[in-house]
Amino acid sequence: MMWRRWLALALVAVAWVHAEEQVRSKSKICANVFCGAGRECAVTEKGEPTCLCIEQCKPHKRPVCGSNGKTYLNHCELHRDACLTGSKIQVDYDGHCKEKKSVSPSASPVVCYQSNRDELRRRIIQWLEAEIIPDGWFSKGSNYSEILDKYFKNFDNGDSRLDSSEFLKFVEQNETAINITTYADQENNKLLRGLCVDALIELSDENADWKLSFQEFLKCLNPSFNPPEKKCALEDETYADGAETEVDCNRCVCACGNWVCTAMTCDGKNQKGAQTQAEEEMTRYVQELQKHQETAEKSKRVSTKEI
């Protein structure tokens, strides 16, 4: 029994030394390489330096408002988003983006961007990992999978599936995890949490029933799983997360691979008939956008299979 522990310690020591050597090697190769904001130096398989978008920013909280009207957790997240989307985003001012007083034709819908979704997911994983208890000499601990199983059973209503309301109740167990404050208005932030929970469910909902089995739940919150960067499709063009387009006085935003639009009455009238007609027109338009998106994704899957 003792020799197994010594062997395990030896393997850990070897892995640690190897990791230290890799860090020193990377530091040496990247010593004189400047990558610019939102990018970091990495070493290729050939041992050459290259600049890539930052994989993960440090989670320190210093909100800034970007020139695109989005609030970011810190400067690093803003520049990382600019790098990933290939767009030019500058810091407009420190702090959360200010809420517009009046509703104007350019008002945007409340949406959960991929950066919001990934930040919520990161916080949940960090919270769950903090509950891991290693096995002791005379006691059994709790691993990551067992902790997830405990929460899954606690919030499942008995159908062996977590829907969005059950998932949201699970997330609300941790105050840090739900404290996403992109908007100045608290009601919008509450709506944002629900939208981001839906976005998390969509990540691993393999049968598209908007409910997660335990295996889907496990995949969604697997620390080694990297959520894909999804884009929106429209008229044979693809748009990055955060891209916007206008239809009359309404604005549509690309968020987590889906188009989300406002439903405003463009002639300024508040009559019920006009409002209903405007909403119906926007519903049809959003459906058209989603059809374009589904067609593009199907074409992509077919192309992948052919390759």
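One is the number of the first residue shown, and numbering goes on along the chain from there.
Cβ from N, Cα, C; glycine included.
Note that this is a predicted model, so its numbers are computed, not measured.
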Selected from Cys30, Cys35, Cys76, Cys83: Swiss-Prot disulphide partner of Cys53: Cys83
Bond partner of Cys30 - disulfide, per Swiss-Prot - picked from Cys35, Cys41: Cys41
Cross-link partner of Cys57 (disulfide, per Swiss-Prot) out of Cys51, Cys65, Cys76: Cys76
Cβ neighbour count (within 10 Å, all chains shown) around Cys35 (disulfide bond): 17
Least buried by Cβ count (within 10 Å) of the recorded positions Ser164, Asn179: Asn179
Spatial neighbours of Cys53 (disulfide bond), counting only the recorded positions Cys30, Cys35, Cys41, Asn143, Asn174 and Cα distances within 10 Å: Cys35, Cys41
Rounded Cα-Cα span from Cys41 (disulfide bond) to Cys51 (disulfide bond), Å: 5
Long-range Cβ environment of Cys57 (disulfide bond), under 8 Å and at least 6 residues apart: Leu73, Asn74, Cys76, Glu77, Arg80
The domain 'Follistatin-like' (29-52): DSSP-derived helix, strand, coil residue counts: 1 helix, 9 strand, 14 coil
For Cys83 (disulfide bond): intrachain residues, at least 6 apart, with Cβ closer than 8 Å: Gly38, Arg39, Cys53, Ile54
